[in-house]
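A.B. asks: Quick one: this structure, given as structure tokens, is what I'll be asking you about.
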Amino acid sequence: MADKLIIFDTTLRDGEQSPGASMTKDEKLRIARQLERLRVDVIEAGFAASSNGDFEAVRAIADAIKDSTVCSLARANDRDIARAAEALKGAARSRIHTFIATSELHMEKKLRMTREQVLEQAKLAVRFARNLCGDIEFSPEDGYRSDPEFLARVVEAVIAEGATTINIPDTVGYAIPELYGDFIAKLRARVPNSDKAIWSVHCHNDLGMAVANSLAGVKIGGARQIECTINGLGERAGNCSLEEVVMAVKTRRDYFGLDVGIETSQIVPASRMVSQTTGFVVQPNKAVVGANAFAHASGIHQDGVLKARDTYEIMRAEDVGWSANKIVLGKLSGRNAFKQRLQELGIQLESEAEINAAFQRFKDLADRKNEIFDEDIIALVMDESVSSEQEHFRLLSLSQRSETGERPHASVVFAAGPVEHRAESDGNGPVDASLRAIESAVQSGAEMLLYSVNAITSGSTESQGEVTVRLQHAGRVVNGVGADPDIVVASAKAYLSALNKLQSKIERVAAQG
Ligand SMILES: CC(=O)SCCNC(=O)CCNC(=O)[C@H](O)C(C)(C)COP(=O)(O)OP(=O)(O)OC[C@H]1O[C@@H](n2cnc3c(N)ncnc32)[C@H](O)[C@@H]1OP(=O)(O)O
Ligand SMILES: CC(C)C(=O)C(=O)O
Ligand SMILES: [Mg+2]
């Protein structure tokens, strides 16, 4: 049987140390329940001695969680450890995690203690904790930058005092994978009683290597516990991300040869919950949990994935909690992906020529629009495009007035064929006022089914806004699109563009009649 890799989640402790990620007791409890559904082995619920609020959060989590071990951090002193033990009293399985720094820099400048004082305090702390709890983790803070010879003495001593897990943190994210793995392997070899404890890694992401370092600590160093957080949340640049290490070990089981007990389908729900709770948005290209992690936007990839998913996917989206992989239609998509989407939407085009014509319209639209939605495809297939020379309605000018506390007012000048119209209206907002003004003159009687705004070039307020308006009239549905840096102008253009399409249909029907 393969060894088990213990997943120790510290989202609620080290994750909360991210500036701005502070969580209330109820929020922590909600996340802890999700971590239990995710089947993490250990939940580090907080630092009980840090505040009454965190004490209560650790206590509530200890009382509620049954399947995972619940842990509290504590400095290497009796008060912190006693608070941790008190908060954990109700837990089905509890762990006290005590720590003290062992690097020369931290001992001298921060703790202002000698090596011998630190060694003694570490021993006393573990001895005290061991009398309160059977499961004790010890961390030599800044362990990776510590003198290996001194570190080995401390570790040997705390194991002798009863520490059951030895965690070697790369507190400041300074490590390099091979060097960190080697450091742990050599340290284990130096400590005579090393086999009496489980070895653990705790890596920070300051150089973007937290996941790689943790995996090297496991593969090269022989660690069997990884400390990590959902979405890589954590102090400064964050901690090792849970979703990435777990999926690395699972996907490359051929290489790691280890089992993890994680219910991976709960990964995306956990990621969303943490992101929503903390307000830390997950970047779209984040491995495993980013919106694009299983999305394909280019034709050759889409074609490959449609023929065989594993051409471009090493994991199944469903296995980590996504509903399915995502084919994003856009300007780089090809015919095959387009045809597949038509099929999924139940649209049957009669001939190759019809498909080609629809595909051409799709490409034209995609050049103007970031992402093509199903509604766009339905509209462009049902619809005939109208070239600008044929446009009946054209926006000539628009002015609008809106002021806090006053009802907005718009004045629109537009051409209907050779005739110029001027129309005015007020409305709930400037967009509403402008569209009402146009409608009061045109009197199309069309019903608006959709109004949506997109930033074409995202990221700043200088972006060009793109508005889509979907109108329905006499059983026909048309989409109008308008783009302009002024959203109100873009809206008026979109409305007139939709009216143009209705107009061309009406004329066509009339001509046929
Ligand atoms: C690498 C890590 O992530 S470590 C965990 C970091 N997390 C946190 O600090 C969050 C919670 N912290 C807190 O709420 C507060 O810092 C508390 C309650 C723990 C302590 O608050 P205060 O008593 O006001 O001390 P303060 O934070 O100003 O300074 C820390 C003190 O702890 C000492 N200390 C630091 N680490 C340890 C340790 N592992 N064991 C014992 N003492 C320690 C420092 O030397 C300093 O002592 P001093 O006051 O004699 O100079
Ligand atoms: C408390 C320890 C484990 C820590 O978070 C660190 O050293 O980064
Ligand atoms: Mg840390």
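Positions of Cβ are set from backbone N, Cα and C atoms, glycine also.
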A.B. asks: According to TrEMBL, His202, His204, Asn239 bind Mn(2+); which one of Asp14, Asp26, Asp426, Asp432 is annotated to that same site?
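C.D. replies: The one candidate that TrEMBL places in that Mn(2+) site: Asp14.
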A.B. asks: Which whole-number mean pLDDT does the model give the domain 'Pyruvate carboxyltransferase' (5-268)?
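C.D. replies: Across the residues of the domain 'Pyruvate carboxyltransferase' (5-268) the model's pLDDT averages 98 on the 0 to 100 scale.
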A.B. asks: Count up the helix, strand and coil residues in the region 'Regulatory domain' (394-513) according to DSSP, in that order.
C.D. replies: 39 helix, 51 strand, 30 coil
A.B. asks: Which residues, same chain and not among Asp14, His202, His204, Asn239, have a CB within 8 angstroms of the centroid of the CB atoms at the recorded Mn(2+) site?
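C.D. replies: Nearby residues not in the site list: Thr10, Pro169, Thr171, Cys203, Asn205, Ala210, Glu227, Cys228, Thr229, Gly234, Glu235, Gly238, Cys240.
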A.B. asks: Near His204 (Mn(2+) binding site), how many other Cβ atoms are within 10 Å of its Cβ?
C.D. replies: 25
